[in-house]
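The structure appears below as structure tokens.
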Amino acid sequence: MSVDTRRRSSAGRAAQPVRSERVRAEARLGWWLAGPAFVVMLAVTLYPILQAGWDSLFHFRLTAPADKSFAGAANYVNILGDPLFWQSLGVTLLITVVTVAVELLLGFALALVMQRGLKSVRGLVRTAILIPYGIITVVSAFSWFYMFDISSGFVNSWFDWVPGIGPETNWFAGTWGSLFVVIASEIWKTTPFISLLLLAGLAQVPTELEEAAEVDGATWSERMARVVLPNMKAAIMVAVLFRALDAFRIFDNVFIMTNGAYGTEVLSLLAYRTSIGRLEIGLGSAISVLLFLCVLLICFISIKAFKIDLAGTRGGK
Amino acid sequence: MLKARGRGAAARRAVAVILGPVVLSLVASGCVPADSTPVLTWYTTSDDGGQAVLAAQCTQAAQGAYRIRTSGLPTSADAQREQLARRLAASDTSMDIMSLDPPFIPEFAEPGFLAPVPSDIAARTTAHSLAGAKAGASWKGELVAIPFWANTQLLWYRKSVARKAGLDMSQPVSWEQLMDAAQSQDKYLGVQGKRGESMTVWVNALIKGAGGEILANPEAKPRDLSLGLDSPAGTEAARIVSRIGRQALGGPGLPTASENESMLLFQGAKGSFMVNWPFVWPAMNAAVKAGNLNESLPDDIGWAPYPQTVAGTPSAPPLGGIDLGVGSASKHPDLVYRAIECIVSPQNQTEYFLGNGNPPADSTAYEDPRVAEQFPMAPLIRDSLETSAPRPQTPYYSEVSTALQRYWAPPGDVDPATTPRLTGEFILQVLHGERLL
């Protein structure tokens, strides 16, 4: 294949840069190395997705296999017309927005402290703040549950000086108390993740740009807003996207603390309870498909909103 | 050349490293034949090791005819059902013996997941079964599992509180009396207000105690089901739950209280009366022995029949326990039923009660003098099991139960004027596939 044929010559299109033999060899090697993993990934992710899509078109209960019948879009119509679905979606979005927003602020502050304030003990601090992230989510969920539980928890006695908190405060008896604990535990556990991503982003900001801005008389907040943050947009996007997807798929904390009671149901739990609890494979698959579509939508919105093309960034450019 | 030899040796080492563990694991997992004795798998519920002991004893008694291997199920009843249902639907041939919670039996029996019980085994193993236990192991009038142990709830009370409240506990008492007594003494009632299975147990007992039913025709298909919630019995049940919730008679922990939390509340300074399973007695004695509870507490604890929903009308205590079922895909159903006959023998049920605190399903097992010594309330348990009422026996029990919990928990939100009717409507919508749950 000649180099010329690789050029895109049609009018209005930017010309494709000519790839050297070395680049092409690297690309081939890349495919050979990543190919098997790619095939395995397709097998373990694409197959279940297609299976769920197929199952969602049926009325199918695991313990009544003889009653299986084609439903078409009926499962989707039922789900989208049910207030419980929209309530679960609302709770999921609330948890996602609040946790990501708080974590972004806290994580950025921690990253700044690690990068600028505590250079001598950076390694130690980095390890220390990683501990919550290293704890298994179910274990963390149980810890937070028992901390706030009315019979076994210590939070009520420690914080009884705070108005509204006393020995008889039952955090898990209502929507807002439960959501507060769920959100707090999420923030505690995953802020370190965001802070490390942002620390990596901070490290990539050229110091000479900041110094130049400082010489020009820019204040700290101006340097942050005009120099630092725009230069770490990719890192922020990755942090927001990863955490948003993670938060949107929240399951463990809610499952352990409330099991979806009293208005704390989230979409993953609804899908789980329908598929696994009720054994309604068709209906549960339809919820899972909708959950998957929501995840895709979040990816799409994040990438569009940040206007970053991660795939277009190549090393050694 | 040297290089090539080196590469060959490295390749052989790599193959050995990869295949070695595989071969070892195949040997360990039993792919290599070693023993021709049939192995029967018993999926057991959590206990103090009693089911494993029975498995070993019956293996020994079989004299090489079979060997019973136990495999633990999850702790919660819901999780047990989910695992069993998945395995049964997949025709798992290891489902030889299953410890089954009675409410989930119709769901497994209806699609033919359970192997039929041979008539001679059924006759021998249930000759002296308590009525409630036998009813719980049956579906459409036929025995589909073998009762192993049975369970029921009693009314536990603090003698000091009952005395001060002027209640004569030698006579049956009603919920109204209990609520008044707790209120007058500024104490808490130990009830289960959490959104969970315990709420269904409570509501079912209340409605049955008033002569009603949650499902009027539980054996019918979803389209033909008729609900009994919107009835005087349902309203009375809602009135009791609502008053306990709204007047905070169950304490601040009521919306999250399950059986264990109720027990802890009952053992505390504000404990008065509690409805709960008999496990609370050995648990409390163990706590006293460990020094975690005051030594005088057991002397202050009394037990009585489950409270009446309507004063003067006999109560319908909740029914629980475990039955043994056999998967229809089991390779050795004959041997399995022989093993079950050994497991549920009255002697074994007695030993299991004494060692693990789970009451026998066989009435003759209560005659052992050691039972009366260790469980002074055993005669009351036996009587309660005779009058106990199962939860709705339907293949759709899980849906019915979960839907009910959504409207009856937390207790403070229950409205006698609307809750029973709304619950009934919601259950039907769920069963008709019109609503999510």
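Placement of Cβ uses the backbone N, Cα and C atoms for every residue, glycine included.
Automatic, uncurated: that is what TrEMBL annotation is.
Taken from TrEMBL, the feature domain 'ABC transmembrane type-1' covers A:89-302.
With a threshold of 8 Å between CB atoms, the same-chain residues lying at least 6 positions outside the transmembrane segment (A:29-50) that come near it are 289, 292. TrEMBL lists A:29-50 (among others) with the feature transmembrane segment.
Here the transmembrane segment (A:84-112) has long-range neighbours at 129, 179, 182-183, 186-187, 190-199, 201-202, 236, 239-240, 243-244, 247-248, 250, 263-270, 287, 290, 294, meaning same-chain residues at least 6 beyond its ends whose C-beta is under 8 angstroms from one of its own. According to TrEMBL, the transmembrane segment annotation covers A:84-112 (among others).
Here TrEMBL flags A:124-147 (among others) as transmembrane segment.
Residues 91, 94-95, 98-99, 102-103, 106, 132, 140-141, 144-145, 148-150, 153, 155, 247, 250, 253-254, 257-258, 261-264 of the same chain lie 6 or more positions beyond the ends of the transmembrane segment (A:171-188) yet place their CB under 8 Å from a CB of it. According to TrEMBL, the transmembrane segment annotation covers A:171-188 (among others).
Look at TrEMBL and you will find A:281-303 (among others) tagged as transmembrane segment. Sequence-distant contacts of the transmembrane segment (A:281-303) (same chain, six or more residues past either end, CB-CB distance under 8 Å): 49, 51-62, 71, 75-76, 78-80, 85, 89, 237, 240-241, 244-245, 248-249, 267-268, 270-272, 274-275, 310.
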Residues from the same chain, set at least six apart from the ends of the transmembrane segment (A:124-147), whose C-beta lies under 8 A from its own: 110, 113-114, 118, 153-155, 172, 181, 184-185, 188-193, 195-196, 199, 252-253, 255-257
